[in-house]
Amino acid sequence: MLFARCFTSPLNFTSLLINSTRRTYVRATLLDTNKKLRRSLLYVPCSEERKIEKSLKSSADCIIYDLEDGVSLNRKGEARQLVSSALELQRACNPDLGVRINSVGSGMLQSKNLDTILIPKVQSPSDINFVSNMIDTLAPEETKSSIKIIAGIESALGLMNIREISTCNPRVDTLLFASEDYCSDVEITRTPSRTELYFARSLISNAAHAYGLQAIDMVCMDFKNQNILKDECSEAVRLGFSGKQAIHPDQIGVIHECFCPSPEVIDRAVRIIKGFEEHSLKGVGAFALDGKAIDIPVVKWAEKIVLKAKLSGIDVEKMFA
């Protein structure tokens with residue numbers, strides 16, 4: 001799971017977990033602990049004040065106030081006013097706050113609390129750069145440089161242009177897959193097996209990892225069925241996604257559980273790192289743990305697992321004591 005854009009050589013490592021004088025060889029790549037974790041991205045329709053009020057207590061990592069699909073055309077103006085007010089309210093947690101836009105207006109961009117803009121139906125870099133230019137023009141000086149863009153990949157053309165979209169602007173830090181719009185565009189039916197979406201999801205995840213972005217998986221439309229949600233989340237983790245979209249607050253707990261490494265996985269990752277340190281001090285590279293070979297790629301995997309656990313709020317430091 002990647003949290004920061006990096007175009008440097010694979011040998012340009014940043015030590016994150018260890019004392020450089022001892023664990024010289026244990027390093028983590030392409031990761032930035034200052035970046036916010038986006039395991040969950042919750043959509044909040046901005047035409048309903050009740051749902052906006054409930055969002056103030058949400059534990060979602062990222063809250064997106066929806067001015068696009070979640071709002072009828074005759075209520076867009078009212079919804080923009082509600083969003084502008086909502087961005088200024090105090091919250092129980094400290095989520096990443098964003099807006100899914102249908103057009104760029106000055107109201108939201110002038111809020112000092114706006115962290116993210118989700119651009120739906122991104123087809124080409126021009127869609128990204130237009131919004132970025134509006135941010136430069138309208139956002140407050142003290143916050144404009146920190147506003148990030150989530151690029152919604154929702155069409156065949158957007159998928160074909162994913163490399164250019166991923167690299168066109170430094171504000172882009174996340175790719176997001178909107179399955180329903182994609183299915184409509186390519187004329188396929190989403191089935192319970194989801195096999196028809198493997199290609200698109202894998203390509204989005206791969207592009208995100210290639211260019212140092214996060215990748216957010218599609219919405220689970222069966223929002224009342226926790227078993228289906230768990231199945232989709234587990235699949236998304238296997239495909240390399242860093243998080244998942246949610247359309248109901250009850251989905252957040254399951255999503256967080258699935259996108260945080262399990263205690264067993266964390267324990268193995270810690271033992272791999274400890275074992276690598278011990279063997280490195282003896283001048284030994286590859287070694288065996290639980291009957292399996294451990295080398296540099298496996299150690300890198302372990303470091304990312306430990307960092308993901310740490311960003312999820314798990315105290316991993318004591319496990320290295």
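Cβ atoms here come from the backbone N, Cα and C positions, even for glycine.
TrEMBL: automatically predicted annotations, no manual curation.
What TrEMBL says about this protein:
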type: BINDING; residues: ARG100, GLU154; note: substrate binding site
type: BINDING; residues: GLU154, ASP181; note: Mg(2+) binding site
type: DOMAIN; residues: 39-249; note: domain 'HpcH/HpaI aldolase/citrate lyase'
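The Cβ of GLU154 (substrate binding site) has 23 other Cβ atoms within 10 Å, all protein chains considered. Confidence over the domain 'HpcH/HpaI aldolase/citrate lyase' (39-249), given as mean pLDDT on the 0 to 100 scale, stands at 90.
Following the DSSP three-state reduction, the secondary structure of ASP181 (Mg(2+) binding site) is helix.
GLU154 (substrate binding site) sits 5 Å from ASP181 (Mg(2+) binding site), taking the Cα positions as reference.
Remark: of the binding-site residues ARG100, ASP181, the most isolated position is ASP181 (fewest other Cβ atoms within 10 Å of its Cβ).
Counting in whole angstrom, ASP181 (Mg(2+) binding site) lies 15 from ARG100 (substrate binding site) by their C-alpha atoms.
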